[in-house]
């Protein structure tokens, strides 16, 4: 694929001949000014990541919306069940609101803001981080409609994936799905509890009443998840399946509840979950929305101080740095689907460990090196994997809203998905899926494995950017 910068004009197809239509050339301005940080502008990248989250917003947009090609959307969400379920985030390039990965994205965003607050402050991004987190937590509050009743998804993937349209023009059915006592979903309830507990810590010094509301809901959802156990993809069959099960969510949420409340009973329960689900002898490969085990090691050591958890954390980081597979360019490679996301996630853990005195020099350097791979320091393509960042970047992300032309032009699969040119709008700040293990990458909208974007892809990436800013 040919890499270009900026935004090209609309491309039209006439028979077998591709013609360049000289229409409106979009001059989407980068909302984030360059800084004097060299050789990689981490503060600008951090700013742009929050622009991406704003582009993913569902519901009625605020007056300070910075995304000129986005408007109010999905304002009837929840009408099928008699509840207001508007708001929250569209998951990825599609327009479904999947509660489980969304809640994990909020947990990780909050973690990054809590533990790398100086990085956010230096970059002038603290308020944007708070807004991004609150857009998620406001939605979670709406989703808890009764004791032990939580709405975990709006939209159906089969219906949604059959359409290619702007969110503002959606007409398809958007069913709502819930978990309750008869249809439990431990992963979803526990992860949302973790998100709310972490967010309580974020807001407690600036909006105490709101923070207390989040913590009260976190306590109820944690008990719901632990007392009524079941895999949430059974309750919501259309949801993302959790292949790691719900044990990691239970210990993870227990730790976040303890960090938020300092109530020793949560730490005791975390130890119980650790033993119950045999975390002692089950080493992880990845750290992401489905498997939080490496994050459990970090939080457990932070909160408990036991050498056991530190040993597990250092063993995992040693695996990443010395035994895990890498692309020829030097990027740690943990999964073909969203390889960049996995790189950013573990870079965040390494940088977090460095800040807390764990092999500081080695972990900080390795974490920064991995982030630099994503931000252009790769020898093969000399490009970034972040849309709109740097001189050369992907221009065809698999993303409905940014692929659509401005109204009144029709947005549909026949043009927006298949046209070979760049997306009409620049999805600034979005981290695309990434290369395969051989380092091969193609900037092709139809290649969703390599070019999908998602809220969870940017979550730890955002925190890792703040970490690099704080630590360098």
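Glycine is treated like the rest: Cβ placed from N, Cα and C.
Whatever TrEMBL says is automated annotation, not expert-curated.
TrEMBL lists 1-27 with the feature signal peptide. Summarising the annotation, TrEMBL assigns domain 'Glycoside hydrolase family 9' to 42-465. Residues or ranges marked as active site by TrEMBL: 443, 452.
For the pair formed by residue 443 (active site) and residue 452 (active site), distance between Cα atoms is given as 10 Å, rounded to the nearest Å. Mean pLDDT for the domain 'Glycoside hydrolase family 9' (42-465) in this predicted model: 97. In sequence order, 92, 93, 338, 397, 398, 399, 432, 433 make up the list of same-chain residues 6 or more apart from residue 452 (active site) whose Cβ falls under 8 Å from its Cβ.
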